Amino acid sequence: MTQLKQARKGIVTPEMEAVAKTEGLQPEFILKGIADGNIVIPANKLRKNLKLCGIGKGLSTKVNANIGTSTDFGSVASEVEKLKMAEMVGADTIMDLSTGPKINTIRKAILENTCLPLGTVPVYQAAVEAKDHYGAMVKMTADDLFGAIESQAKEGVDFVTVHCGVTRQVIDTFKGQGRLTDIVSRGGTFTAGWMVFHGAENPLYEHFDRLLDICREYDVTLSLGDGLRPGCIADATDRAQVAELLVLGELVKRAREAEVQVMVEGPGHVPLNQIEANVRLQKSICEDAPFYVLGPLVTDIAPGYDHITGAIGGAIAAAAGADFLCYVTPAEHLSLPDVTDVRNGVIASRIAAHAADIVKGVNGAAERDHQMAIARKKLDWETQLKLSLDPEHARVTRDRFKTRGKACSMCGDFCAMELAEKHLGVSVSRC
């Protein structure tokens with residue numbers, strides 16, 4: 001029985017209780033959110049010792065870290081190292097986006113080495129295996145694709161990105177639209193390429209009930225991918241993107257009717273003035289399904305710093321109602337990320353998530369900032385470090401220059417906090 005089915009029966013599951021405890025909320029709040037479809041708990045029923053994570057309305061904004069090999073680079077050891085770094089700096093979930101050799105071995109190693117919910121894009125496995133077996137990705141069969149989905153579900157994968165909304169009608173809209181960057185989603189490109197080669201409908205859309213059967217059996221959460229997400233700000237919120245979103249809205253309804261948990265993925269590259277509108281549009285069309293956004297990146301001209309462009313967009317999107325941020329690393333658009341990129345990407349997205357949670361009124365978010373302000377007024381460095389999102393980095397930075405007094409090396413004897421207390425009588429007790 002899925003979490004959604006149990007919620008509709010009024011059954012508070014151990015998973016709901018665990019999420020409620022983490023969020024500082026009542027279990028009944030989580031139950032209602034799942035029953036209504038605006039909260040999901042990605043938790044394959046076969047996973048053991050899972051660190052449960054609730055995603056959706058009224059909960060803290062969550063952060064996902066993508067890892068995985070490419071055709072030319074990556075190994076089990078390197079991906080496990082990235083995984084451990086992502087865990088250490090506070091990622092809530094992991095996605096394995098491997099497309100390199102030993103794709104199944106990599107995924108199994110990640111599952112064995114993490115307690116975080118794991119997501120995948122099963123079409124990657126199907127495409128890699130089709131290239132190996134048939135000589136071309138487009139020669140995979142629908143059975144190959146569904147076989148990959150089911151095998152990953154049996155392994156314990158908790159959520160799957162599936163590009164069900166890339167339909168023949170949506171592709172026609174895309175062709176008529178005209179874009180600068182065409183299709184930038186790998187899964188979207190694989191799917192569209194297969195459809196053109198075979199002259200057939202997207203099997204994930206045509207046989208959506210088959211997909212639902214697999215997800216219901218293992219309680220795998222569907223993450224409806226945005227195969228036509230904009231790849232530059234000039235393409236943002238165009239007809240092709242919206243056409244796909246309309247299809248996803250229909251599929252959200254069908255998933256809920258089948259008692260399968262579902263969330264929806266979103267853009268992409270979006271200028272600042274369109275982000276809130278994108279969130280509102282998704283929430284309306286998809287009936288408040290949890291919204292999982294990549295960034296969004298607010299400018300195209302910052303390669304090497306896209307963890308910053310993504311964090312800017314992510315903060316605005318989450319404050320407007322997005323629930324789940326997929327991190328962006330400094331390596332975005334340039335290379336496969338290394339372990340340092342993973343660290344920087346997670347931290348940047350966690351900053352964005354926390355900033356948004358203050359706006360949302362998430363339990364405890366603003367209080368943490370209040371406690372930080374008190375610690376700063378007291379020049380209580382240990383408490384400041386403890387409260388920081390990245391204590392290790394903060395400590396290293398603090399210790400670079402030793403000072404004689406309590407003030408930092410920026411101000412020294414001219415510390416504004418110390419001078420205010422000394423000459424104006426403004427003590428910490430007023431905080």
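Along the chain as shown, the residues are counted starting at 1.
Including glycine, each Cβ sits where the backbone N, Cα and C put it.
Sequence-distant contacts of Asn66 (substrate binding site), defined as residues of its own chain at least six apart whose C-beta falls under 8 angstroms from its C-beta, comprise Ile94, Met95, Leu97, Cys326, Tyr327, Pro337. Annotated substrate binding site per Swiss-Prot: Asn66, Met95, Tyr124, His163, Ser185, Arg186, Gly187, Asp226, Gly227, Leu228, Arg229, Glu265, Tyr292, in sequence order.
Cβ contacts within 10 Å of His269 (Zn(2+) binding site), excluding its own Cβ and spanning all protein chains shown: 25. Residues annotated as Zn(2+) binding site in Swiss-Prot: His269, His333.
Summarising the environment of Cys415 ([4Fe-4S] cluster binding site), the number of other Cβ atoms within 10 Å of its Cβ, over all protein chains shown, is 18. The annotation [4Fe-4S] cluster binding site is assigned in Swiss-Prot to Cys408, Cys411, Cys415 on the grounds of sequence analysis.
Distance between Cα atoms for Arg229 (substrate binding site) and Cys415 ([4Fe-4S] cluster binding site): 48 Å, as a whole number. Between the candidate binding-site residues, Tyr124, Tyr292, the densest Cβ environment within 10 Å is the one around Tyr292. Ranking the binding-site residues Gly187, Gly227 by other CB atoms within 10 A of the CB puts Gly187 at the bottom. The Cα atom of Tyr124 (substrate binding site) lies nearest to that of His333, taking the binding-site residues His269, His333, Cys415 as the candidates.
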